[in-house]
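A.B. asks: Below you will find the structure I want to go over with you.
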Amino acid sequence: MTKKLRIFTISKPIQKPEKPSGPADFETAISATGFGKYNLFLILIAVPAGWSSIFETTTMSYVFPAAQCDLDLSLDDKGLLNAITYLGMISSAMIWGFLYDTLGRKKLLMVGFLLDAVFVIMSAFSQTKTLLMVSKFFGGFVVNGPFAALTSYISEFHCAKHRARMQLVLGAIFNFGSIMLPLLAWIILPQNFYFSLLNKSLEFHSWNIYLFLVAIPSVVSGIVFIFMPESPKFLMTMGQNEKALIVFRRVYSWNSGQPVDSYPIKELVDEIALKQSNPQHHGGQVTANRSKIQALKEGWQQIKPLFFPPLLANIILVCSIQTLFTMSLNSLRLWLPQIFQAMNDYQYFNSGSSADLCTMLEMIQPSKTSTECVVNLNNSSVYINSIIVASVSTLSYIFAGYLINILGKKRLMSKTFHSMLQHKDIFRAFLDLLGIVAGVCAFSVYFAPNVALAVTLSSLFIASG
């Protein structure tokens, strides 16, 4: 007599994304696309896009030492060239803010980066400091738009679970751009390149070639965004749900490897109808049945309370803190390559000996009795020191992101209101400590007795800021 062996198996069915019972809102629709190859592709294209913004604001810091003789740059000229890009950014802030919600993310990114490339190339052709200043002003005017739109564009292709992490990724990309800039300068600027065109009407030196090369990220970004889809969030806001569904399906197909028809969402919420039922939530955006003038008026109505009590005091406080913070950080950051060049020149002309920073900085402003302008191309230490400062800043950013992630998780795990406040106080104390450390380091740089300590203090200041 034989016994039949029965084998029982327990199988877990493959879970497919649940189909919503009704129209899906944006968060539901983007969550259904998952995270995969398309998101990694977005990170890849964010690299040249992020670098172009950093290059536009920081390039002049490395050009000064190489171009000061060719363009007859005084100390005042260098300060103006450092500031004029930010002047362009300030003057265009409100304009780009309106166009941002009028033209859409894709058009703004595409046109903005291509225009930025034009002005960077224009700066590379500069034969006078006046033309260089004009090109840098308009470069700052233009790059302000895609710089802000890039963050939103990347975020709007991610669900809430991954959105905060993408901000950290973008920050890391910007920081790595700060490393690439001195690295590229180290390769190009010490070379004694020279050639001319049109019977010496156009003369090109190593710094001109350097500016040509830093235009590449803007060119690449502008071309890539020609072929990228519009943000699905913006399309839904404009009432173009069919186009938004096409984008969602494409992202889902890339991430899952499944055909586009298998995307579980078949219908999206009509955001225009929702906003019509609640007009105060228009957000100052142009939609299918609202003109640009209407959007502009409603946008002004939304920001108008910021300039009157009780919000006026808060907005003044926040803007003052941000202004002072940015001023202190950029004042040293943008002058560091020139400071390192002065240190290098002092050691070069004084047989390698070192001195306090105040003495070495006298090399920035040549003596009025000197009639010959000399550029010291034996300056590898300038770029090495700049790379060290940028690398320390990048590492500190990664550490800060990791720390914030831990504190954020602990705060979410907290069961009581008291413990949540406790973590908030810890985070605030941590920020206060960083501010004190940054201030002490910046103050101490002036009294640094040698180059090594000056680089160390500068690195700690930039990292803490």
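Cβ atoms are placed via backbone N, Cα and C, with glycine included.
Straight from TrEMBL, here's the annotation block:
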DOMAIN    42-465  domain 'Major facilitator superfamily (MFS) profile'
TRANSMEM  40-63  transmembrane segment
TRANSMEM  83-101  transmembrane segment
TRANSMEM  108-125  transmembrane segment
TRANSMEM  137-156  transmembrane segment
TRANSMEM  168-189  transmembrane segment
TRANSMEM  209-228  transmembrane segment
TRANSMEM  306-325  transmembrane segment
TRANSMEM  387-408  transmembrane segment
TRANSMEM  429-448  transmembrane segment
A.B. asks: Mind checking which residues reach the transmembrane segment (40-63)? Cβ under 8 Å, same chain, six or more beyond either end.
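C.D. replies: Answer is 78, 81-82, 85-86, 89, 109, 113, 116-117, 120, 136, 139-140, 143, 146-147, 150, 154, 157, 166, 169-170, 173-174, 176-178, 180-182, 185, 189, 207, 210-211, 214, 216-218, 220-221, 224-225, 228, 254, 333-338, 383, 386.
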A.B. asks: Which one, 83-101, 137-156, 168-189, 209-228, 306-325, has the most C-beta pairs under 8 Å toward the transmembrane segment (108-125)?
C.D. replies: 209-228
A.B. asks: Check the transmembrane segment (209-228) against each of 83-101, 137-156, 168-189, 306-325 and return whichever range has the most CB pairs under 8 Å.
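C.D. replies: Maximum Cβ contact count belongs to 168-189.
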A.B. asks: If you average the pLDDT over the domain 'Major facilitator superfamily (MFS) profile' (42-465), what number do you get?
C.D. replies: 84
